[in-house]
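Lifted from TrEMBL, the feature list:
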type	residues	note
SIGNAL	1-27	signal peptide
TRANSMEM	128-149	transmembrane segment
TRANSMEM	169-192	transmembrane segment
TRANSMEM	212-230	transmembrane segment
TRANSMEM	242-265	transmembrane segment
TRANSMEM	271-288	transmembrane segment
TRANSMEM	308-324	transmembrane segment
TRANSMEM	344-363	transmembrane segment
Amino acid sequence: MFYRVRYLRQVLVLALFIAIGLSGVTANVLDVDSHDLTVLVNDNKSFLVYVSDQLTEDIDVTLIKQHEYHLDLYPETFSCRKGISAEQVVVVRGRAAGHVEVTAKSSSKDASLTENLFVRVVVAKSEAIIYSSIVFGWIYFVAWSVSFYPQIWINYRRKSVEGLNFDFITLNIVGFTLYSMFNCGLYFIQGLQNEYSERHPRGVNPVMLNDVVFSLHAMFATSITIVQCFRYERGQQRVSKVAYGLLSIFALIVIISAGLAGGSVIDWLDFLYYCSYIKLAITIIKYIPQALMNYRRKSTEGWSIGNILLDFTGGTLSMLQMLLNAHNYDDWPSIFGDPTKFGLGLFSVLFDIFFILQHYVFYRHSNKRTETVSDLTTDTVVPNDVHIDTTIKQG
């Protein structure tokens, strides 16, 4: 009995290896060394086409350019011989800035042979702009990541969160939680990645590791601020009924869409998209409660201007990076054709400018006063350097 079980196990393992080998043969008869390539205008770059020795017929392969005027390919057509593994060098010469997808077709009736033979080519005007864009990207990533800590520090130093609007914090934690769900889902879950690939066969996963790290870190830092709201002096501050109403609507959308995804009515990828739409809506409205609170108090006391300055730096560099990339790749439709990302960045920067004006212009005198007068608390803080004379004078 023992030998029969061992024999059966060996047969199953052998069958598994054969299946894996056969699947590799059919999937990788023609392949490329990289699916992404960047080349400068009037410069040359190359990629390799790998031909497997598992090819069962002689074929001619023709490369197809999505747009004719952006680049030249040498050669555009080449032959592959059956049973012979080979490498074909394809030279790409940039002619005009832009994005071009290079695909292929063959003389074979089997269209699957060229499924994996595609290259996304970016033709750029300037290498200096490419590196400048990368530097800007890292700077605004750091600025946005650090921007949470000035508020945490000022709360700790004052042992108070008076002046920090609770609606803003509540909307922030919900937004970053949904953003983290979207990023982690597309970055870590293979099933969601497969759904994305089915919809965008030659597309690139839009979520990168830095997106995952930023969103999780933002959720963590916002959670620290929430803990401070429970521990430190907060006066009469609380989450408003309007915020509760908005959060109830958002929660209803998430629950319903999750139920539809669980029942296979929609894909889980659609569920993540709905979460991202809620995050976008929160980004638009979350600054309004804090701006109104500062206006009513005629003060920005308790609201960290460091947070705003760093957010302004990150938002400005993010938009500048988009403008540089649009110029370098002649890709202005990415901004004006789909203005969501640029519009949200501009919206946030405009709010940052408004907060800066509130802090340094509109309410600068009230921020300097040590006596705090607020409609959020009934306490009045008396400065330490003021001596109250309680002596009864003799008449």
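Using the three backbone atoms N, Cα and C, a Cβ is placed for every residue, glycine included.
Keep in mind it's a predicted model, so treat the numbers as computed, not measured.
Tallying C-beta pairs under 8 angstroms between the transmembrane segment (344-363) and each of 128-149, 212-230, 271-288, 308-324 places 308-324 first. Counting Cβ pairs closer than 8 Å to the transmembrane segment (271-288), the top stretch among 128-149, 169-192, 212-230, 242-265, 308-324 is 169-192. Nonlocal intrachain contacts for the transmembrane segment (212-230), taken as residues 6+ away from its ends with a CB within less than 8 angstroms of a stretch CB, comprise 141, 144-145, 148-149, 151-152, 155-156, 161, 164, 166, 169, 172-173, 176-177, 179-180, 182-184, 187-188.
Within its own chain, the transmembrane segment (169-192) has Cβ neighbours under 8 Å at 205-209, 211-212, 215-216, 218-219, 222-223, 225-226, 229, 239, 243, 246-247, 250, 254, 268-269, 272-273, 275-276, 278-279, 282-283, 285-286, 289, counting only residues six or more beyond its boundaries.
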